[in-house]
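Swiss-Prot has this to say about the protein:
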- M1: N-acetylmethionine (MOD_RES)
- 1-26: topological domain 'Cytoplasmic' (TOPO_DOM)
- 48-56: topological domain 'Lumenal' (TOPO_DOM)
- 78-97: topological domain 'Cytoplasmic' (TOPO_DOM)
- 119-124: topological domain 'Lumenal' (TOPO_DOM)
- 146-170: topological domain 'Cytoplasmic' (TOPO_DOM)
- 192-216: topological domain 'Lumenal' (TOPO_DOM)
- 238-286: topological domain 'Cytoplasmic' (TOPO_DOM)
- 330-338: topological domain 'Cytoplasmic' (TOPO_DOM)
- 383-400: topological domain 'Cytoplasmic' (TOPO_DOM)
- 422-444: topological domain 'Lumenal' (TOPO_DOM)
- 466-478: topological domain 'Cytoplasmic' (TOPO_DOM)
- 27-47: transmembrane segment (TRANSMEM)
- 57-77: transmembrane segment (TRANSMEM)
- 98-118: transmembrane segment (TRANSMEM)
- 125-145: transmembrane segment (TRANSMEM)
- 171-191: transmembrane segment (TRANSMEM)
- 217-237: transmembrane segment (TRANSMEM)
- 287-307: transmembrane segment (TRANSMEM)
- 309-329: transmembrane segment (TRANSMEM)
- 339-359: transmembrane segment (TRANSMEM)
- 362-382: transmembrane segment (TRANSMEM)
- 401-421: transmembrane segment (TRANSMEM)
- 445-465: transmembrane segment (TRANSMEM)
Amino acid sequence: MGPGPPAAGAAAPPRPLSLSARLSYAVGHFLNDLCASMWFTYLLLYLHSVRAYSSRGAGLLLLLGHVADGLCTPLVGYEADRAAGRCVRCGPRKAWHLVGTVCVLLSFPFIFSPCLGCGPATPEWAALLYYGPFIVIFQFGWAATQIAHLSLIPELATNDHEKVELTALRYAFTVVANITVYAAAWFLLHLQGSPNVEMARDASDQLGIQDVQVFQNLSLLVIGVGAVFSLLFHLGTREGRRPQVEEPDENRPLLAPTTARPLLLWRHWLREPAFYQVGLLYMSTRLIVNLSQTYIAMYLTYSLSLPKKFIATIPLVMYLSGFCSSFLMKPVNKCIGRNLTYFTGLLVILAFAAWVALADRLGMAVYAAAVLLGSGCATILVTSLAMTADLIGPHTHSGAFVYGAMSFSDKVANGLAVMAIQSLYPCSLEICCRACMGFYRWVMVAATGGVGVAATLCLCSLLIWPIRLRSWDPGAQP
């Protein structure tokens, strides 16, 4: 006899996401990625070299952005979890994504535009006060979009392999966003150059007030392209609705049997060891990725003394290698599992760190080193996001808080790390001296190899104590 028909009350197995649904989700963070690439790469350069603000003033605006982002991220995550589908047209995650997108669209162009009403006699502090509110609004919107988009992964994915695929596609579009920004910046600066070749060699390499229009046009291009992809996300992504609690009537018993799954609240996460294990691993991953991205240009320029074209070509090679490796995440995770996949990425990054430490001059081999760094960073970033989704599991109602807490630790750790590195800078002048030539080399070694060792220790803890909830008792009272 064959198996009987399914029980009447049995739930149908969830249908896997279609290709269009996966791609629609993946482009939902494209606007954030475009803005983040321009923010991290060009903000200090724009404020200091183009707008001629002091290094301290430009640094204060960047610090304000990090503080605002760090504070808004967990708060947005907590509020997103509290939302109970009040939006009629979309779910609570997409509603927060829409709010964040609007804030980014309205504020980001003003950050890379001249101060309205400011003149040559306007004091610097007044101009900084002008930019401050736009930066805070932008960082709030960026955090809301990021947390809402990340917390949709456990909601949409029906199995572990779909989680990896969604994070891999998300990272692939992050790479495309970075390539788009760098290519557009090169094109706009090329158009700004002088038709006289000899004059271009002297003038086009120096940024100044004449390049204000370049950055303003670049920010408008970023906003326009990002808005189109955000619209595609909202049109093609459907968030699952949470069942509403039915109102009791006079014919229903007051003491009905309880069948609903107990909720895992944010305060329960704080008592879970796995929450801190995955948090430390995610923080270490972000330190490797962000610090290497921040200091790779300094390393190429001052430690290796390479021409300026390498500042554009090497990051491009890094992102292209990361783009290609991101598509291998699903089959690799399926074959060897999360932990070994992450460890493989760490081995590639440690190989890059050893190469940089042992070789004074890389020459053209720097392209091969860039491939190692880009593919390794993509591997550990995608896998760490998949591990975070594993930690959340079916408890998607508090997933935004988990992602918010992870991002908060990431922002704080990166800010403190950059401050520590800058405080150790050996040159008292802005012009690089002989002492700083080796300084940036060892910064790259520490940012990749040193933090990579710390990430290895975090991974070992997950091998000993796998990702699962240990302290939460579903039968206990909240």
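From the backbone N, Cα and C atoms, a Cβ is placed for every residue, glycine too.
The transmembrane segment (401-421) and the transmembrane segment (57-77) are in contact, since at least 3 Cβ pairs between them lie under 8 Å (pairs 6 or more apart in sequence). Under 8 Å from some Cβ of the topological domain 'Cytoplasmic' (330-338) lie the Cβ atoms of residues 160-161, 164-165, 168, 344, 383, 386-387, 390, all in the same chain and six or more residues away from its ends. When Cβ-Cβ distances below 8 Å are used as the criterion, the transmembrane segment (287-307) is approached by residues 40, 314-315, 318, 349, 356, 361-362, 366, 373, 377, 380-381, 410, 413-414, 417-418, 421, 432, 436-441, 443-444, 447-448, 451-452, 455 of the same chain, each at least six residues removed from its ends.
In the topological domain 'Cytoplasmic' (146-170), helix, strand and coil residues by DSSP number 21 helix, 0 strand, 4 coil.
On the 0 to 100 pLDDT scale, the topological domain 'Cytoplasmic' (383-400) averages 77 in this prediction.
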